[in-house]
């Protein structure tokens, strides 16, 4: 073989390798790299709002806010630019206001371990609840039937309630009665935001597919706002550095090569975060702030949904 032919052959081989390597760096933007999903179901959960003596750590007040089977709608969109990488945006929102419950406990006597004051508000409305989650998954292990990897993302969750009417028992039962029916007593909002890390996995056998996700954060920031309407007082708290644990289990069946019906369960737990509190008198405009661990915020919730996923 002539020298020129050998050189030409080598150049052709190297050129082909370079083109192959270059093509691997180009993200896949074809329709089949995109997946969308929608589902509907129910949200339930419970939040706690606490107030402490910042110097002694003694609990002074606790409000328990419940969420009872509120209807939600979920949406999810994923893009696989490479076989080893998935970009995802997902979220859910309440479809309408829903049912809740609130119990308010106070410990006004520091020498008494049991609460002294309690009010109950069965006619509590969940005004709204929603969440969004932006994340990326890197698939470290892959085969025809499974893949496993790591994930990182940012998540924000909000809840809002209004308690109306109800009954009360104050000073160890010395004063009892009822609040006027339908009258607003307390309104409460919570917001949690955080970056997170986690593990992700997927397994498929024939037309059945199982997905699992575990999320963890040590960097939760929480905010709340409490409106005591009958006292014209506003309480605001901020906390940071608390923990979050979450899991998502998704099981589905492919009714066509591109369409999957699925059911999904999610569980989220925001551990109590402690921080300072601010009290605002809405009549006078006066404000008092207390630092340290004067307040606490926590939540745990779960969703159960069913829906349809489609890959283009």
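Any Cβ shown, glycine's included, is placed from N, Cα and C.
The model shown is predicted, which means the values in this text are computed figures rather than measured ones.
Annotation comment: Swiss-Prot describes 1-20 as signal peptide. Sequence annotations record features per position, and here Swiss-Prot assigns topological domain 'Periplasmic' to 21-31, 81-84, 141-145 based on experimental evidence. The annotation transmembrane segment is assigned in Swiss-Prot to 32-40, 71-80, 85-94, 132-140, 146-154, 195-204, 208-216, 245-255, 259-267, 302-312. Residues or ranges marked as topological domain 'Extracellular' in Swiss-Prot (evidence: experimental evidence): 41-70, 95-131, 155-194, 217-244, 268-301. According to Swiss-Prot, the feature active site maps to 104, 106, 226, 228, an assignment based on a curator's inference.
Here the features listed in Swiss-Prot are painted onto the structure.
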residue	record	CB count, 10 Å
104	active site	22
106	active site	17
226	active site	20
228	active site	17
Which value does the mean pLDDT take for the topological domain 'Extracellular' (217-244) in this predicted structure?
-> 97
Report, as numbers and ranges, which residues of the same chain sit near the transmembrane segment (146-154): CB under 8 Å and 6 or more residues beyond its ends.
-> 84, 88, 133-140, 193-204, 213, 215
CB contact flag for the transmembrane segment (302-312) and the transmembrane segment (71-80), at least three pairs under 8 A | yes
Rounded to the nearest Å, what's the C-alpha distance separating residue 228 (active site) and residue 104 (active site)? Just drop the number here, would you?
-> 12
Have the transmembrane segment (85-94) and the transmembrane segment (132-140) got at least three CB pairs under 8 Å, pairs 6 or more apart in sequence?
-> yes
Between the Cα atoms of residue 104 (active site) and residue 226 (active site), find the distance and write it as a whole number of Å.
-> 12
Can you tell me how far the Cα of residue 226 (active site) sits from the Cα of residue 106 (active site), in Å?
-> 15
In the same chain, who gets a Cβ under 8 Å from the topological domain 'Periplasmic' (81-84) while lying at least 6 residues past its ends?
-> 27-29, 33, 138-140, 142, 149
Please indicate, using numbers and ranges, the residues of the same chain that are 6 or more beyond the transmembrane segment (245-255) and have a C-beta under 8 Å from a C-beta there.
-> 196, 198, 207-216, 261-269, 271, 309
Outside the topological domain 'Extracellular' (217-244), at least 6 residues beyond either end, the same-chain residues with a Cβ under 8 Å of its Cβ set are 49, 51, 63, 155, 179, 183-197, 268-283, 294-298
